[in-house]
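Undergrad: So Swiss-Prot lists the following for this protein:
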type	residues	note
ACT_SITE	D151	active site, proton donor/acceptor
ACT_SITE	Y402	active site, nucleophile
BINDING	R118, R152, E277, E278, R293, R368	substrate binding site
DISULFID	C92-C417	disulfide bond
DISULFID	C124-C129	disulfide bond
DISULFID	C184-C231	disulfide bond
DISULFID	C233-C238	disulfide bond
DISULFID	C279-C292	disulfide bond
DISULFID	C281-C290	disulfide bond
DISULFID	C318-C335	disulfide bond
DISULFID	C421-C447	disulfide bond
CARBOHYD	N44	N-linked glycosylation site
CARBOHYD	N58	N-linked glycosylation site
CARBOHYD	N63	N-linked glycosylation site
CARBOHYD	N70	N-linked glycosylation site
CARBOHYD	N88	N-linked glycosylation site
CARBOHYD	N146	N-linked glycosylation site
CARBOHYD	N235	N-linked glycosylation site
CARBOHYD	N365	N-linked glycosylation site
CARBOHYD	N455	N-linked glycosylation site
REGION	36-90	region 'Hypervariable stalk region'
Amino acid sequence: MNPNQKIITIGSICMAIGIISLILQMGNIISIWVSHSIQTGSQNHTGICNQRIITYENSTWVNQTYVNINNTNVVAGKDTTSVTLAGNSSLCPIRGWAIYSKDNSIRIGSKGDVFVIREPFISCSHLECRTFFLTQGALLNDKHSNGTVKDRSPYRALMSCPIGEAPSPYNSRFESVAWSASACHDGMGWLTIGISGPDDGAVAVLKYNGIITETIKSWRKRILRTQESECVCVNGSCFTIMTDGPSNGPASYRIFKIEKGKITKSIELDAPNSHYEECSCYPDTGTVMCVCRDNWHGSNRPWVSFNQNLDYQIGYICSGVFGDNPRPKDGKGSCDPVTVDGADGVKGFSYRYGNGVWIGRTKSNSSRKGFEMIWDPNGWTDTDSNFLVKQDVVAMTDWSGYSGSFVQHPELTGLDCMRPCFWVELIRGRPREKTTIWTSGSSISFCGVNSDTANWSWPDGAELPFTIDK
């Protein structure tokens, strides 16, 4: 074979190899395109995602693609369409209270990253229930937990997490800078109210869906404060009560009507012989009922009810089963303040059923220990101390604290009535437990049911002191 023939042969072989390679590459491209079409052709991109989602440590894996989604809760099988929570249903008939949640946050916080908190409360939308709380800007078992017995500081903030979970940096959502707060959902968005600032010039910041919409300046310059539990939404309007003035004498009390975060009306209560603090409010047949704390001179609880025009009535629970702490032994009640052991108090709640009342209270008369629910069938209007039902929730030997009401609307439960619920704060640490350098709490909650319930104790259960305390 001469040199020219060798060159032609080698060139032909190279060209053949190149053509084969090109054909293989084209086949590879076609196969990838066909495979992609098969995978995506049948998907409806506007519908609900049917992929399997596995959540671990606040991160989401979707088809082996890592996506970090912070503070996002996927509510499976729920229609997320906005609604208007009517709030016009009556309270559900109940026979007792079923345990609903327990977060065990102090126990978990001995080893995990859990916020130092107080004043937890629960509020529900038509899709979910969340625990709100006032953090101290510190974690349990950390040096910044020192001195957190203080109520008001610039480090406190209103945050929220899914109900039943220990509040941590990994599952909690920031809501507002606050040392006093309230929150509620109207079916379309969350309203949050956070009060912060100096005692003589605090300001309440209103947010709707996370955006500042309004502010309220302290009008008496005496520690503006609000409910420390959920506000109430009825037919698109939300209602809250604020107090400004002395904690041991007559103060100023205002009701605010709020729509999408904007104040549309407010009134001041004419109640010179009453004292209203830290009200626990709920809707009932289109009206709002609030049961509050008298820190001035009442060992029974004051109440105020009002309609959507803010026409109101006031009074005190008449029952001789007294609901505040400290309080005297049960006996002769009054529809006015019962002044025996009436000074000081603790946030609490009651539910009215006609002339009857479910009273939530500490088991101890003098300290924040234990908790029980009592059904007094005539206690709203009569002054005797007779009752029919007592359900134990926390034993006398275990610490409790604040308590408050929240409801589950029919839009959430599917019932034709408003389900009454309540939460109890289980305070640990200072000032009572002096082996610690901190003050914090966990929480439990219960909901009313018309079926069997248990008498038991669901205490905080943490073993103190922690490592930081030694």
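Indices start at 1 and increase along the chain as displayed.
Note that Cβ sites are derived from N, Cα and C of the backbone, with glycine treated the same way.
Could you give the neighbours, burial and distances for every feature on this list?
TA: Annotation note: D151 (active site, proton donor/acceptor) sits in a coil segment as assigned by DSSP.
On its own chain, Y402 (active site, nucleophile) has R118, E119, E228, E278, V346, K347, G348, V424, E425, I427 as residues at least 6 apart in sequence with a Cβ closer than 8 Å to its own Cβ.
A 10 Å cutoff on Cβ-Cβ distances gives R368 (substrate binding site) a total of 19 other Cβ atoms nearby, all chains included.
All protein chains shown were included, and the count of other CB atoms within 10 Å of the CB of C92 (disulfide bond) stands at 19.
For C124 (disulfide bond), the Cβ neighbour count at a 10 Å cut-off comes to 22, with all displayed protein chains included.
Cβ neighbour count for C184 (disulfide bond) (all protein chains, 10 Å cutoff from its Cβ): 26. Reduced to three states, the DSSP call for C184 (disulfide bond) is strand.
Cβ neighbours of C238 (disulfide bond) (same chain, under 8 Å, six or more residues apart in sequence): C184, D186, L191, C231, V232, K257, I258, E259.
Take the CB of C292 (disulfide bond) and look out to 10 A: across all protein chains shown you find 30 other CB atoms.
For the recorded site, C290 (disulfide bond), the DSSP three-state label reads strand.
Under the three-state DSSP scheme, C318 (disulfide bond) falls in the coil class.
C447 (disulfide bond) counts 20 other C-beta atoms within 10 Å of its own C-beta, drawing on all protein chains shown.
Long-range Cβ contacts of N88 (N-linked glycosylation site) within its own chain (separation 6+, distance under 8 Å): V234, N235, P283, T285, G286. Reduced to three states, the DSSP call for N88 (N-linked glycosylation site) is coil.
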Undergrad: Counting every protein chain present, what is the number of Cβ atoms, excluding its own, within 10 Å of the Cβ of N365 (N-linked glycosylation site)?
TA: 17
Undergrad: When the Cα-Cα distance from C421 (disulfide bond) is computed for each of the recorded positions C129, D151, E277, R293, N455, which gives the smallest value?
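TA: Its closest listed neighbour, by Cα, is C129.
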Undergrad: Check the glycosylation sites N235, N455 for other C-beta atoms within 10 angstroms of each C-beta and report the one with the most.
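TA: Highest number of other Cβ atoms within 10 Å: N235.
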Undergrad: Which of the recorded positions C124, C129, N146, C233, C281 has its Cα nearest to the Cα of R293 (substrate binding site)?
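TA: Going through C124, C129, N146, C233, C281 one by one, the Cα closest to that of R293 (substrate binding site) is C281.
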Undergrad: List the same-chain residues at least 6 positions away in sequence whose Cβ sits under 8 Å from the Cβ of C417 (disulfide bond), in sequence order, or say none.
TA: S89, S90, L91, C92, P93, P410
